[in-house]
């Protein structure tokens, strides 16, 4: 029922507005004894933070994370360990520039949550979207960084695979390329083309949508829980909760609608270490439970709603007007959604690992440190 | 944490296997005083039940629902009223034919949950999929029928909009046509073409995927709750939890990725009764909260995994083999997913209505009977 | 948020009214592979069922349990095993005698939930209390019988330790005596005295309260979770949810208020297999977490509200009247609360065991069958 | 499942350790539009804070609260209003004195959670109890202060009614006296006697238990939800989650066990504005639902475990030793539990009000501002 929390055994609660003193997250249910540090969290936050290229908002936020609770010194290593109690993390807002937003306080920005928050709550924090700002996603990334510690045997990576109408060529796909371009794109040729395309979009005061693909490798068979705790169902919820996301696909996704049963069947063969699948149309999930193949999720991000081109809108007291959103905005918010998608994948998997271990007692195969190795 | 429950204030728990004595559902949190009857529930169940045309499984189940609790006689009307306590509904299994499944007890059916349940639980109910059978969806439809009573001002309808590669033409779209063809298709011309296409698929021992579109009209602005209780997020979870679903879209969905911000903006104008949107790319949801426009969700259903064409697979003890699934199966499970999609939409909306009313005290605009009119 | 569910990883949902077709419970989250049978469940139900002596209600219910889902045949043993899916259990109502209650339909019985249900829901099932009837507790006992299977190394027993003003003498305490008298009393001398006392109470058309003590032995240190998932907090919630319970104590309980810190300290000593406590004022719980000592909970049950002595009350339309409740009632409902207290203890512990195992990976010390021994 | 959260529609999550940088709480689900300020929160915190008399710990903490999110300026009043989004509050730790605790790092303090946290987590924050410190209760008080805003028509007060063996005389009971003595005691004569008694206890290096009574007036009939969401059940869970609490009573509580049905019956009479009860043995709750009478809860707090008298204990590596806990401790922690009990009552009632309003649409009678009066 808590609207600002996600997860069950591994659960986080985020808080904060775009232009308040800061934002934060409380991670509850993290197992004890895991080595942790601000640096580990910061590394993921730095990938999401704004102002890193001309393709993302020029708002300058250091997004420095402070760990306020849930950790203790491990005297053997002089590092920090999780204690099993809530990990509270705080990120201060340092570059709010509230005045940028004062002129829109009485207008609803099309495509934003301005109108719906006002209708729901009867009160509206107009400073940069308030709670509905994408700034909230920094909290997710911090939670995701903790989640990764829970499932060290699982590798989670993501890539932008489509920008506007331009898709990558999977023949060029190379995870090593993701950090070599400002788009988190695994296809370097596509990234080169996108650079020109996005410059043009940006200069014309427009914006564009994108598709992110998130892949988790190393997930053993058995995670996920029928019927309403399916891994796929939780992933859909997780990704759809990200700002501006309008579609979520697992494996073949929407294309599965066009296929026949013969085409869509992931056939099985006997392997040395057990059965394996000869294809992965399923995206690693059957009946809501992981099958040992990579878990593959894609999600579509709509174009940034804040654009420099005038749009029709209304005032708060219902008069026609126009709006141009002059703030510092990303021409393609899909780019910064890449580390956010990774974070949500990590949270869902960490939660399902703990739930699976709780219900079945099984935890082999992911490199999780046994209790005996804990402090 | 309860894996077989869905919802929060309005919440249901389903139970039962394909080939046990029956399946059922317990609906908790339904408001008191609502007129209810077995007939109301049965009407929705009848739309989902198998054996109604040559395009759905020939398994014959009457799917008769028994209401076991949560209702009481209203002496003024001689009808039943909900009492506010759990509504337990039971549907007996009457046509199990367990022997159909005995030959597959030691083989994993590709595309099914056989392998993953076995990996997770170390035990497998091989009779028709056990818990993972689509038979569970009858429970959802019963719960959805109750949910509709909670939000009488909201109209929820669904249509098959794509079968295999064949899409409908929205120019022909007419809700009145949905019950005039065996596909729940709002485009009668498409339905006519699909009949031939699906006959061919079926005769060739194959199957095909589909896309379902669910639309809720009459949802007032303000339902849904940021950040992890977004209406969109809960709808994604709801639809992705349906058997064989691999993708969920809201509004423009995946297409939003290809659009620019100028194209995607739903502009606003001042109307007599408040602001309105001149388009609905958003699918009725902004920032996770309803905006007063129709809520539009589409989901993709993969082709039936059980087909009469041999597929490679392995035995439970990891030897290569082949399998032909001879049971009585739907050549396009997407068809029967139409009333299921409606049911899940109803449950999500009923739940959000109650949560919204709880948090904000607002319940105007949906025709919900005020407490004073209750018994 | 589900008002008729209890627990988290191990969770049950109960439904049903006193005078409907039956009552039932759905147990969700039970681990797979556990040997189960109707007989195991029935054994616990038989201890709670009415009509077993002149000291409990003469309503005759066989309380036969039907397991409708969640189990499958283990071919090696020809017995049933849990499958990890929801276990639905049904108990039919066979001796409703609705007419007994028709005369009270327009009066509120003092001490009952008649008035409050009517105020809350605006509708009232007056047949034997409807949902508020103690009949619901059969569902708890069935769920508790399943919970015991999850924690086979834990022994859970209970005794009536006070009836009206008459306490047992702990010097006589012998668990073996509990089933030798109609009061589930571990002190045979007290039981003998209570027989006469309760006869007198019963014959005078009166009733009396009682205290039940529940003890769980074999709980290893470490179960329970700070801060709002404390073992003590969940036990308090569990016991207070039982009909007619007005107080819950852990360990020294209310007496702890009168003690000094010197008196109340459970001191520790080094033992061969680790530290131990030289006393158990804590009732086996420190900081909400089990300490390895027996977990000791007591709860007070108020006297049966339905008595044969006239009491002042009002009609539904607010006129003064009197009432005599003529139904078949227990003169001391505390007696039948004994197996119910055991059941709730079992559910809380099973839930905490799974949560603990999920969060920490530790499951040693309770004899839980390792996954490798599952089917 | 979140172990550090409490509540459902109104829900808070606390975090922080005794000797970390601070503690805090995130309140989720608070309705929008309520007037709020730091001062309102601080007023309640000041009642709980240490160092206010010689009877509470001499640790000096200002306990200044910072509201970090969830509020916005109301231009009409120049004050703050809740926005419906999470209210994050931070209280810095300013007087940690970590060295006080260094000598106990390898010993378990009897009666504390040292041993159980170590057994559960394999890691122990020995600084002042870490997460298990009563310092966490400041977070509850802050959440409770917000909860009070949600139910302005309800008056919640508490009094210490027993210290060690010394009970108050209810004939002297006067709420106005509660803030006139350092014990929050409504009986001024008892308070005078306790002063001497507690001085003696304190000087002898000992401590003592206490009983707190919390009363909520103005709760309309109908709040609470059967069966596992009973108002009584949630109150039991809430109070038992407070540090050092070992028993919880509703209404007649433990005494109900000694009463007969005739004695315990709260009879009803017809009043001008509806039925009323002629006594309140029920403590305002019947069948888990409020009946309109004051809700009365008592809880027993054990004596402070940290005492200046040596106690037997063991070292972390299982050797016999002794311990004297020299920190700055309360001789009777029950005193400071008074505002904490009020806070937990407020949270439970606010949550149930929202749940009740959600499920039934009824919110009359508590003076809650209608949505139309919100900003």
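Cβ atoms here come from the backbone N, Cα and C positions, even for glycine.
Caution: TrEMBL annotation is automatic and unverified by curators.
Classification of residue A:54 (NADP(+) binding site) by DSSP places it in coil, neither helical nor stranded. What TrEMBL lists as NADP(+) binding site is A:48, A:54.
A C-beta separation below 8 Å, combined with a sequence spacing of at least six in one chain, links residue A:302 (FMN binding site) to A:111, A:209, A:244, A:245, A:246. The FMN binding site feature in TrEMBL is assigned to A:131, A:132, A:133, A:243, A:244, A:287, A:302, A:303, A:304, A:305, A:306, A:328.
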Binding-site residues, contacting chain B; criterion Cβ under 8 Å; candidates A:54, A:133, A:304: A:304
Cβ-Cβ neighbours of residue A:133 (FMN binding site) (radius 10 Å): 20
A:54, A:131, A:304: the binding-site residues whose Cβ falls under 8 Å from a chain D Cβ: A:131
Residue A:131 (FMN binding site): secondary structure state under DSSP, collapsed to three categories: helix
Neighbour-count leader, CB within 10 A, binding-site residues: A:48, A:54, A:131: A:131
Euclidean distance between Cα atoms of residue A:133 (FMN binding site) and residue A:54 (NADP(+) binding site), Å: 20
Residues that sit under 8 angstroms from residue A:304 (FMN binding site) by C-beta distance, when 6+ apart in the chain: A:207, A:244, A:329, A:330, A:331, A:332, A:333
Binding-site residues listed as A:244, A:306, least Cβ neighbours within 10 Å: A:244
Residue from A:131, A:133, A:306 whose C-alpha is spatially nearest that of residue A:48 (NADP(+) binding site), among the binding-site residues: A:133
